[in-house]
Amino acid sequence: MIIEGAEPFLLPGGPHGVLLLHGFTGMPPEMRLLAEALYRAGHTVLCPRLAGHGTSPEDLAHTDAEDWYDSALDGYAILSGLVPRISVVGHSMGALLALRLAAQKRVTGVVTLAAPIFIDEGRGMKHLPPRSACIGRFHPKLRKSLRDVPEFCNVTYDRMPLVAIHELVGFIEHVKALLPKVYAPLLLVHSLHDRTAHRRSLRYIYDHVGAAHKEVLWLVRSGHLVMLDAERRAVFRRTASFLREMGSV
């Protein structure tokens, strides 16, 4: 059963579509404020619900990275039937999905928000048990509610299946190998104080993608949830500006 409010959503607008992809254990509502800003800027915006998300942690435990990517592909296919141009904007794991899409599909531009090529050591990844020992095991997820943000944006799972974390780690390696095939113009957004995706991640992506056009936005007062945190309006403005520029090329 889908959690109330976690449904995918579509905001019909102009001919430049934006596919929004939420993060690991996240849900479409966390992308809603960004979606509305891009809609006001004239875009058609679609935010799918990734497989295993928006239902229960147990459902997530029975999905893998290909399931998540299939959800992104489904969103891309739907948007392709509505608009002639598509850009992809993803947060965290959604940013990894966006990069894979850009390596394998035609996209106008890509915006990565806190892409996790390297997980911060504070997350304790070195203590992750072997995959075989993770079946049926969960880890509590702590996420502070951000101030001045609608409550529906803060909905997330309260625990993470350890086996799904293994899937995420493997997917990171898969995406790293695909980066040289990412030729679409790129905007990389990251916070210096991200305690989930280490800031080295941005430099790695910047150095390894095949794209000639690369832009960077560093944030100094935000955490991992850059689309909801203190500098979210700067993220909205820069994302809209980047997409407007790419759509006019």
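In case you wondered, yes, glycine gets a Cβ from its N, Cα and C as well.
Bear in mind that TrEMBL entries carry predicted annotations, made automatically and left uncurated.
So that you can see what the record holds, here are the features copied from TrEMBL:
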- 18-232: domain 'AB hydrolase-1' (DOMAIN)
- Phe24, Met93: substrate binding site (BINDING)
- Ser92: active site, nucleophile (ACT_SITE)
- Asp194: active site, charge relay system (ACT_SITE)
- His224: active site, charge relay system (ACT_SITE)
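Shown here: features listed in TrEMBL, placed on the structure.
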residue: Phe24; record: substrate binding site; DSSP class: coil
residue: Ser92; record: active site, nucleophile; DSSP class: coil
residue: Asp194; record: active site, charge relay system; DSSP class: coil
residue: His224; record: active site, charge relay system; DSSP class: coil
Average pLDDT across the domain 'AB hydrolase-1' (18-232), rounded to a whole number: 94
Pairwise Cα distance for His224 (active site, charge relay system)/Phe24 (substrate binding site) [Å, integer]: 12
Recorded positions near Asp194 (active site, charge relay system), in sequence order, restricted to Phe24, Ser92, Met93 and a 10 Å Cα cut-off: none
The residue listed as 'active site, nucleophile' to Phe24 (substrate binding site) - Cα separation in whole Å: 7
Nonlocal neighbours by CB distance (under 8 Å) for Met93 (substrate binding site), same chain, sequence gap 6 or more: Leu21, Gly23, Phe24, Trp68, Pro116, Leu168, Phe171
For Phe24 (substrate binding site), the number of other Cβ atoms found within 10 Å of its own Cβ: 25
